[in-house]
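The structure appears right after this line, and notes come after that.
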Amino acid sequence: MSHRPHVRKIALPALPALPSWLPLDGFILGLVGTVALAVLLPVSGQAATVTDGATTVAVAFLFFLYGARLSTREALDGVRHWRLHLTVLVCTFVIFPALGLAARGLVPYVLTHPLYTGLLFLCLVPSTVQSSIAFTSIARGNVAAAICAGSFSSLLGVVVTPVLVALLLGGSGGGFAADSMIKIGLQLLAPFLAGQLLRRWIGGFISRHRAVLRLVDRGSVLLVVYAAFSEGMVRGIWHQVTPARLAILLGVEAVLLTVMLTLTSYGSRKLGFVREDRITIVFAGSKKSLAAGLPMASVLFGAQASLAVLPLMLFHQMQLMVCAVLARRFAARAPEAGVTGAETRSVARADTDSADDAALTRV
């Protein structure tokens, strides 16, 4: 009879738990990978033209899907939500510029004048549209209001931003507004309205395949980031700033983003907005549009546009990373669907409010 050798089992030590704040999220890793890809393999020439075209199609398809998913009543309710839209516009075109002007005291000891010009410019551009809506959707906020708020900000921004640049930086925004309004109408509003018109026939299919909508949400953001950072690499803006100045600029922008996230979160609560609307205000009121800012800078600053958009490019990437974490935390703390009863909703709202505050402070 053969005997099996006795094997002593050794208990392996448990791996240390990862910190809860570590953003091991596929979307965040995708953002980092997209930036790395743009740095290593930026597109230029004909490839850049194809990439820009793909970005346009992806964003248009995103808004078509939103239009097909949202009921007409939801869209109208979003348009009528004037308090929310006014709050977002005040954050974008009043509070942000005021903070940018306050940063003038950092010149020349902390920021060089060209970098400060870029920092102030980012405070003047409109709110981003597609990524704000995507994050609002992920966080289970008021998507209909986010669509309207982002569109209102962009439409108003094509007029307000050049005027603010002319007043505060001495630039000129001639010839930009009409072209941008046409692009916004064709790329954002027209697909959304088309989705609304076709919702009767395709709305059920879209609702049953929410994974497609989620894929377009995130894919459109990744494509916009890749196209924008590729353009920055081709222009060579990374070679015009020393590493020390770049680190200081990142620190200043981190403070700016923190202040805006705090103001939009706690301010919207003090104004009495419900949770879904607060999420919309946080994402739409604290973000700036790279897609709108880049063409604006090329017109307003001419040959100096490359360095002027560096702060905006860095801030845009920073806000995407931070808001991706926030969106995931908001979604994890969303009230369970189907909960009924006024008392239960009141308790759920109180618990969620506290959780949302905790999510914001931990980022």
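Every residue gets a Cβ built from N, Cα and C, even glycine.
Keep in mind it's a predicted model, so treat the numbers as computed, not measured.
Annotation comment: TrEMBL describes 21-41 (among others) as transmembrane segment.
Marked as transmembrane segment by TrEMBL: 53-72 (among others). Note on the transmembrane segment (53-72): residues 130, 133-134, 143-144, 147, 187-196, 198-199, 202-203, 206-207, 212-213, 216-217, 219-220, 223-224, 227 of its chain, located 6 or more positions outside it, place their CB under 8 angstroms from a CB of the stretch.
For 84-103 (among others), the entry in TrEMBL reads transmembrane segment.
Long-range contacts of the transmembrane segment (115-136) within the same chain: residues 59, 62-63, 66, 88, 92-93, 96-97, 99-101, 103-104, 106-107, 142-143, 146-147, 149-151, 153-154, 156-158, 160-161, 164-165, 168-169, 188, 217-218, 220-221, 224, 241, 245, 249, 252-253, 256, 279-280, 283-285, 287-293, 296-297, 300-301, 307-312, 315-316, 319-320, 323-324, 326-327, each at least 6 residues beyond the stretch ends and with a Cβ under 8 Å from a Cβ of the stretch. Annotation source TrEMBL lists transmembrane segment at 115-136 (among others).
According to TrEMBL, the transmembrane segment annotation covers 143-169 (among others).
What TrEMBL records for 181-198 (among others) is transmembrane segment.
Within the chain, the transmembrane segment (219-238) has long-range Cβ neighbours (under 8 A, six or more residues past its boundaries) at 30-31, 34-35, 37-39, 42-44, 48, 51-52, 54-55, 58-59, 61-62, 130-131, 134, 290-291, 294, 306-307, 309-310, 313, 316-317, 320. Annotation comment: TrEMBL describes 219-238 (among others) as transmembrane segment.
Long-range contacts of the transmembrane segment (244-268) within its own chain (CB-CB distance under 8 A, at least 6 residues past either end) are made by residues 87, 91, 95-96, 99, 103, 106, 110-112, 115, 119, 123, 277-278, 281-282, 285-286, 310-311, 314-315, 318-319, 322, 326, 356-357, 360, 363. Sequence annotations record features per position, and here TrEMBL assigns transmembrane segment to 244-268 (among others).
Annotated transmembrane segment per TrEMBL: 289-314 (among others), in sequence order.
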